[in-house]
Structures are given as structure tokens and as C-alpha cells.
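So that you can see what the record holds, here are the features copied from TrEMBL:
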- 32-73: coiled coil (COILED)
- 94-104: compositional bias 'Low complexity' (COMPBIAS)
- 107-117: compositional bias 'Polar residues' (COMPBIAS)
- 118-133: compositional bias 'Low complexity' (COMPBIAS)
- 134-144: compositional bias 'Gly residues' (COMPBIAS)
- 148-161: compositional bias 'Low complexity' (COMPBIAS)
- 83-181: region 'Disordered' (REGION)
- 220-253: repeat 'TPR' (REPEAT)
- 1-25: signal peptide (SIGNAL)
């Protein structure tokens, strides 16, 4: 009798389990689906938040870099004023039309913009309406023969057998303007010429600055902007020379990554793709912490040069 009771109990339990299991499975299935949807929503929100954080971090780095440059420039100018070197107030003779206050801010060394090209050298290259960085036209690509980087390092033009530098007419045109004896004034006036689109005059002014003040703290910047002035005129061979000198003669300077970038651009426009690709590779390898805009443009220029 007891056995029959036990058997009946077991059978009843089996029936109950078989009746409950499908509904429970369906319930658990719905819960799993809901959890999966919620998880996907959380992952999507996380991706959006990560993108926003990266964007804010980039903007913060840009602001910090601008503040650092402004602080360095202000400290330098205060030192010049304390030492009795006056910052020029009137820049109308340098081709500018800005006021003294606006001009000082506009012409701060490498802290503002030159045309539509940023002072960090990370702009898109739209110096002029004709497009200063285009490969077609200009006197940079007219040589045809391979560029000699060792000659460039020595300050020689591989195409002209070492003949480089501004012509006498340009020197006569601006020589009197630059020879002031005040490095800050001379640099600001040269920079003002470039800002106003007078690239040939700016070229001569920056050459004179580099020759007159080779050991000045602004000499590296002047050498770099000499290259930019030449690049705007599509004189790619001379521009490559200037950028290479900035990189080799002023190691550790803030302009080193920008100089490599623009050296590669110049070489690309000269048709020297191999040398250009090697230059971009050195930039990305040696300066992984350079400004994001510089690294981004270097990648774009590598694609333009069809680097492997």
C-alpha cells in the first residue's frame, strides 16, 4: 500500500514538472531577450559617451597648447620690454593694416594663423586662391631630376648646384625695412608680410632674419616660416631646403613635427615619393605625441603620395 502511495506521489510530481517547465522556459526566454536589448542599449550609449569624451579631450589639448604658446610669447615680450626693447606699434610699413594691440596678438610668434594655414603647420594648405600646395605648375617641379637630400642638408639646391637665396631686387625692396637691429620687430614685420599675402617679400624678410639672428630663440620659427613662404609660391625645392634646415639645425624645437610634415609635402610636389614617404614615416615614428591635426594630415599626405 505504501508503495502505491509513493508511486502516485512521484507520478503527480512528474505531471506538475511537465506542466510548469514550458511556461518557465518561455518566461526565462523573454527575460533573456530583454536583458540582451538592454545590454545593447548600454553598449551604444557607452560608445557615444566615449566619442564625446575623446572629442572633449582633443579640444582640451588644443586649448592647452594655445594657452602654452600664448604664455611663452607673453613672457618673452615682457622680458623684451623689461630689457628696453620696444615692440613695434606701427606695422603699416610692413604691409599690415591692424592696430597696435591687434597686431601684437596677430603677429605673436607661431601662436596665431597665417592666411588659412595654422601656425602649428597643420592647416590644409590653402595659402592662396590658386592653391600653393598643388603639384601642377610652379617652379618647384620644373627640375625633373631627383632631389639630393644630402645637398639640402648642406643648404644647397640640388637642381642649381648650390645657388640659392633671394635675388638682389627683393633684397633692395625690403632690406631697409628689416635691418632695424630689433629681433622682435624684424620677426613681427616679416610675419606681417606673410599674413598679408606678400610671400616673396616675406621670404626675403625671413631669410634676412635667419642670417642676422642665427642664435635667436625665434630663428627656428623664422626658418620654418621661410619654408611656408616658399611653399606658398610653389618653390618646392627651396621650401624643402628650408624645412629640412629647420628640422636638422634646430633639433628638439616645437616646429620639428611641422617641419617634417611640410618637408614631405614639398617632396611629394617634387615627385620624390620615396623620400616623401620616408619623411612621413619618420614623423609618425619619432613624434607620436605631436598635435593630432599634424598626425592626421601626415596620414592624409601619405595616402596622397601613395605610400605603402
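From the backbone N, Cα and C atoms, a Cβ is placed for every residue, glycine too.
Automated prediction, rather than curation, is the source of TrEMBL annotations.
The structure displayed is predicted, hence computed values, not measured ones.
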Rounded mean pLDDT for the residues that make up the repeat 'TPR' (220-253): 94
Residues of the repeat 'TPR' (220-253) by DSSP state, where helix covers H, G and I: 27 helix, 0 strand, 7 coil
